[in-house]
Amino acid sequence: MTVRHFLADDDVTPAEQAEILTLAGELKKDPYREKTFAGPQSVAVLFDKTSTRTRFSFDAGIAALGGNPIVVDTGSSQMGKGETLQDTGAVLSRFVSMIIWRTFAQSNLEQMAETATVPIINALTDDMHPCQILADLFTCVEHLTDNHTPRELAGKKAIYLGDGANNMANSYMLGFATAGMDMTICAPAGFQPEQPFVDRARAIGRSTGATITVTDDVAAVAGQDVVITDTWVSMGQENDGKDRTTPFLPYRVTEEMMDTAGKDAIFLHCLPAYRGNEVTAGVIDGPRSRVFDEAENRLHAQKALMVWLAAHQPGA
Ligand code: CP
Ligand code: NVA
């Protein structure tokens, strides 16, 4: 029996992603409708890295679905001390109905998935942050479309500026391409995405109509519907020996830059944000910012994902 996991943005098809986003909208209106984890069944929520939004949104979301979240900072567990991830996956599967995990290497998730008999959800790795992308797409549905349907995202244009080689940039390419949105990554030399992620997103775009552009020219902000940035120093990169300030200075999102985007353009940031670095206070605290709706939408999008994933297991 093959378990269906959500380890990467493109683990769901365009049609499936649209189903999850539609369900997110329904659950935002009717938060306690679904009781996927009634029993209560338990769900493991594991953190190898720090978190505010992911931790609270999964904990609250699992409770709202009738379940019992077991939230663990893995430093206080036996994980990482030599026990294999395959053993951990097999053991946790005897206790919980789903595993949510924020970790470093994407391959950690894949190793646990070798033995887990319950679905695993990627709560951020060095490579991707697909739950954040579902929340961002749902925020775009709310703020950019007339009829609030995921289908209307196709053809919208988004640009991400800053560290184009990080987890968010990869996930924007994969997840937004799945939604049919044109995605531009605008980043300095040395911080542009690895080619395999670009190729993978372009392959998705061949079926959804999305285009993927990589540039170092901030003039690409012109006419965009969504302007996005993220921290210049992701978790785990604090001491990587790179200058993570000077190369990014031209890519700071400013009011002047936002004025070159589409007239109804919105600003997104997954948070935590560092005002004065990747974005000015005037933008993130200004009228075009949707960052707090975006943060709230983690809850609705992840609940939808868990409900959907539970219903799409073999034999479910
Ligand atoms: N955006 C996000 O994942 O935030 P946390 O690191 O606080 O979970
Ligand atoms: N790129 C950031 C995202 C935080 C939610 C990081 O990995 O630290």
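Cβ atoms are placed via backbone N, Cα and C, with glycine included.
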Of Arg4, Arg102, Arg151, Arg244, residue recorded by TrEMBL at the carbamoyl phosphate site of Ser51, Thr52, Arg53, Thr54, Gln78, His129, Pro130, Cys131, Gln132, Cys270, Leu271, Arg298: Arg102
Site co-member for L-ornithine according to TrEMBL, given Asp230, Ser234, Met235, out of Asn122, Asn147, Asn167: Asn167
Secondary structure content of the domain 'Aspartate/ornithine carbamoyltransferase carbamoyl-P binding' (4-141), with strand meaning DSSP E or B: 63 helix, 21 strand, 54 coil
Distant-in-sequence Cβ neighbours of Asn167 (L-ornithine binding site), under 8 Å, six or more positions away: Leu124, Thr125, Asp126, Asp127, Met128, His129, Ser234
Local backbone state of Cys270 (carbamoyl phosphate binding site), from DSSP in three classes: coil
Candidate with sparsest Cβ neighbourhood (10 Å radius) among His129, Arg298, the listed binding-site residues: Arg298
